[in-house]
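Have a look at the structure below before the remarks.
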Amino acid sequence: MEYFDYRDGELFAEDVRASELATRYGTPCYVYSRTALENRYRAFDEALSPVPHQVCYAVKANSNIAVLNVLARLGSGFDIVSGGELFRVLRAGGDPSKIVFSGVGKTAEEMRDALNANIYCFNVESESELHRLNSVAHKRGQRARIALRVNPDVDAKTHPYISTGLKNNKFGVDIAIAERLYAEAAKMPGIEIIGVASHIGSQLLDVQPLLDAMDRVLALIDRLKAIGINLQHIDVGGGLGVRYNDEQPLEPGTWARALLPKLSGRDLKVMTEPGRAIVGNAGLLITRVETIKCNNEKNFAVIDAAMNDLIRPTLYQAWMKIVRVNEKSSAEVKNYDIVGPVCESGDWLGKDRELALEEGDLLAVRTAGAYGFTMASNYNTRPRAVEVMVDGERHTIIRARETLDDLVRGEALLP
Ligand code: LLP
């Protein structure tokens, strides 16, 4: 099902004209479809329905509290990586008993906050973190439930910046030393071992690396059993890709049908941490062409969104689809670089796009729901964009556009 589609040549977000949203809320404007979010969450939940499971949406992909709340209402858990994300999930009404806490640099304060909220599990990423968590929990008279996030050393075959399961990545504990660490953890008074986790990378299109990782993790589970350590869950991470252009993403059902047979006969709850696959295609970024600029070499369309709003193209050379909001145009089709107003040559959202453009035209960057707004910054003192959620014919601001006063809040002149 398409949540953003053309009707008579006009782009709609569910049942609302994208142009109406642009007029009402201004541009640049992130738009999310509630139906898309819900359907994508349900696809994962249903795919894992043959086994005990918990889908923990990865908050980093899109952390707006309205997005989190829509998912929480469906029973979603959450994968967080900071005290800030914990705060958001609780503010959004998320259930702490469904939170897993990943991340390589958890501070003692973040551990205390998470223990205070009584989250389900810490995904511990190093020996040092294990000791710190033990001591923080023990001092509070608590036992922190943990999974070790192991690094299974498989190549996820994705962009190096978003690949996390190889030995040279900073993530997780080398699977070769995991057994020793579990044995140590089993003796710690502030630790209760409940599971194991792995996450090998993002925008994965092939199931094989995930299956290889799972084989290695299952072998570890067997070795642990042999020394009397029995795990309750396996967290298979997130990472399923989405279609930006012509990729053939793994559907949750296909993914689950490949993974689940490996678990048969084992009494393990399955956890997963999808981010992009839930929210990526549930969002777009509407922007307006400010200036058309042509020289002998190139045609540039300078739009009012920039790298500060959506950094994926320049950071990962990510190709994101850019379309006209109104398909019809009498302008000549030319080859454009779609660039922002920020003072960096890296400030582009698309290169070599064949489009008919005039100043004032509206464009939409598709598949911008994940790692769009959450990676936005205020570079060049640009207020971050407004975020809107559409639900059928209804539309609501879920984050107001920042004001200039917002941008200097907390700054002070010298006395
Ligand atoms: N779990 C852990 C431990 C993670 O590190 C991540 C993502 C996820 C789950 C969710 O992965 P997903 O299902 O969204 O692929 N900014 C980059 C992506 C960075 C992903 C970081 N970790 C991008 O825009 O492509």
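Going from the start of the chain as shown, residues are counted 1 onward.
Glycine is treated like the rest: Cβ placed from N, Cα and C.
Since we're looking at a predicted model, the values are computed, not measured.
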Handout entry: Co-listed pyridoxal 5'-phosphate-binding residue [TrEMBL; alongside Gly239, Glu273, Pro274, Gly275, Arg276] among Tyr336, Tyr371, Tyr379
Key = Tyr371
Exercise for the section: Look at the recorded positions Lys60, Arg276, Arg312 and tell me which residue has the greatest number of other C-beta atoms within 10 angstroms of its C-beta. Expected result: Arg276
Practice task
Count the Cβ atoms, other than its own, that fall within 10 Å of the Cβ of Tyr316 (substrate binding site), considering every protein chain shown.
Solution key: 16
Exercise for the section: May I have the list of same-chain residues other than Gly239, Glu273, Pro274, Gly275, Arg276, Tyr371 whose Cβ is within 8 Å of the Cβ centroid of the recorded pyridoxal 5'-phosphate site, in sequence order? Expected result: Ala58, Lys60, Ala61, Ser202, Gly238, Leu240, Ala277, Ile278, Ala370
Exercise for the section: Within 10 Å of Lys60 (N6-(pyridoxal phosphate)lysine) by C-alpha distance: pick out those among the recorded positions Arg312, Tyr316, Cys343, Tyr371, and say none if nothing qualifies. Expected result: Tyr371
Handout entry: Residue among recorded positions Gly239, Pro274, Arg276, Cys343, Tyr371 with Cα closest to the Cα of Tyr316 (substrate binding site)
Key = Tyr371
Completion exercise
One of the recorded positions Arg312, Cys343, Glu344 has its Cα closest to the Cα of Gly239 (pyridoxal 5'-phosphate binding site), namely Arg312
Handout entry: Cα distance (Å, whole number) from Arg312 (substrate binding site) to Arg276 (pyridoxal 5'-phosphate binding site)
Key = 13
